[in-house]
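Copying in the features that Swiss-Prot gives for the protein in this structure:
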type    : residues                       : note
BINDING : CYS307, CYS310, CYS353, GLU360 : [4Fe-4S] cluster binding site
Amino acid sequence: MSSETVSYFSHPFPRRQSVGVSVGGVIVGGSAPVVVQSMTNTDTADVDSTVAQVAALHRAGSEIVRITVDRDESAAAVPKIRERLERLGHDVPLVGDFHYIGHKLLADHPACAEALAKYRINPGNVGFKDKKDKQFADIVEMAIRYDKPVRIGVNWGSLDQELLTTLMDRNQAEGAPLSAQDVMREAIVQSALISANLAEEIGLGRDKIILSAKVSQVQDLIAVYTMLAQRSNHALHLGLTEAGMGTKGIVASSAAMGILLQQGIGDTIRISLTPEPGGDRTREVQVAQELLQTMGFRQFVPIVAACPGCGRTTSTVFQELAQTIQEDIRRNMPLWREKYPGVEALSVAVMGCIVNGPGESKHADIGISLPGTGETPSAPVFVDGKKVATLRGPGIAEDFQKMVADYIENRFGLGRKIAS
């Protein structure tokens, strides 16, 4: 596995060299930063709800959005969705997720084939027995005709059973057979690589192919992607399938992908969270961004550092202020990205007592150290490492919020440009 040293922030890390793929103008792989993507859970045939969700995901920061294309009505809706999104100013690449009848839907709906930025093919259900290679080839030829990339997405829940059986039988004939788990991992990797080789034989360029091999267990995911990275230079899409709900899904996805990303493996990621009933679908985008930003690979939103609290911080003021600042940042980022270029690099500290508060606040671009239990009811504020004010009274939170807003305007806004 060849690698190069790439620097995001100030931290170099070994980045696996892969072939870059353009997905609707968004580069995946090569020397491009790791791309964040997401998937809708609406009925694609429902144009209004799908447009609304894609727009929300794009506003949240998703750089590519995948939609289900499972029947004629869904395929017919895709061009309408694309057109409506463009009218709303959301020029985000749409990926068509095809299973079982993708070859037929693309052939019957040329406007859908044209509107999509990428096709996802699952080798495990693209076709069965003697129809498998033909139907796979049909989709690849469609991608060539419309100049679209494909993601060959293997999933262990729908793995090619003929391939798995062949490898299991061959393994049993060996003198020292591998475990069933190892054979399963090998089958997943081979399914992706065999399909990629077939696509290239048909005429699809390597710069049009992205691979993924999704499983639901952390150690399996690490093993499978490590094998893929060692045996090919295709761009890789990372994702832990069926990660689950809430903190379990976040922790599992972050643990698996964090290890792979630190090794330089992975060109685009999706955090597959099961949303709670009525939950916000954009949560998966936020988690993906926070994973990449926490590891120092990309910058998306200003970082708010806050202490966890202890017996010295019985007041909830610092917790409420940290939450308010974080929510305010998330809410304003779509506007700030346009108005304040570079604001993503901002760091804010909201600390709860005198022990670490002043020191942490000095390390941030702007920080406040609120009084802990029994401390003098005052809050020093630090800007660029220097103490600039001491806030007192019931309006500390509001005063600090205004100072943050003023700092952003002065550092990233029009005032900075005029001064320079």
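For all residues, glycine too, the Cβ spot is worked out from N, Cα and C.
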Quick one: give me the count of other CB atoms within 10 A of the CB of CYS353 ([4Fe-4S] cluster binding site).
22
So which other residues, same chain and not among CYS307, CYS310, CYS353, GLU360, have a Cβ within 8 Å of the centroid of the Cβ atoms at the [4Fe-4S] cluster site?
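For the [4Fe-4S] cluster site the neighbour list reads PRO308, GLY309, ARG312, THR313, PHE318, MET351, GLY352, VAL355, ASN356, GLY357, GLY372.
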Measuring CB to CB from CYS307 ([4Fe-4S] cluster binding site), give everything in the same chain under 8 Å that is also at least six residues away in sequence.
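CYS307 ([4Fe-4S] cluster binding site) has long-range Cβ partners THR313, PHE318, MET351, GLY352, CYS353, ASN356, GLY357, GLU360.
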Other than its own, how many Cβ atoms are within 10 Å of the Cβ belonging to CYS310 ([4Fe-4S] cluster binding site)?
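Result for CYS310 ([4Fe-4S] cluster binding site): 12 other Cβ atoms within 10 Å.
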Across all the protein chains here, work out how many other Cβ atoms are within 10 Å of the Cβ of GLU360 ([4Fe-4S] cluster binding site).
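For GLU360 ([4Fe-4S] cluster binding site), the 10 Å Cβ neighbour count is 18.
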Tell me, by DSSP, whether GLU360 ([4Fe-4S] cluster binding site) is helix, strand or coil?
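Assignment for GLU360 ([4Fe-4S] cluster binding site) reads helix.
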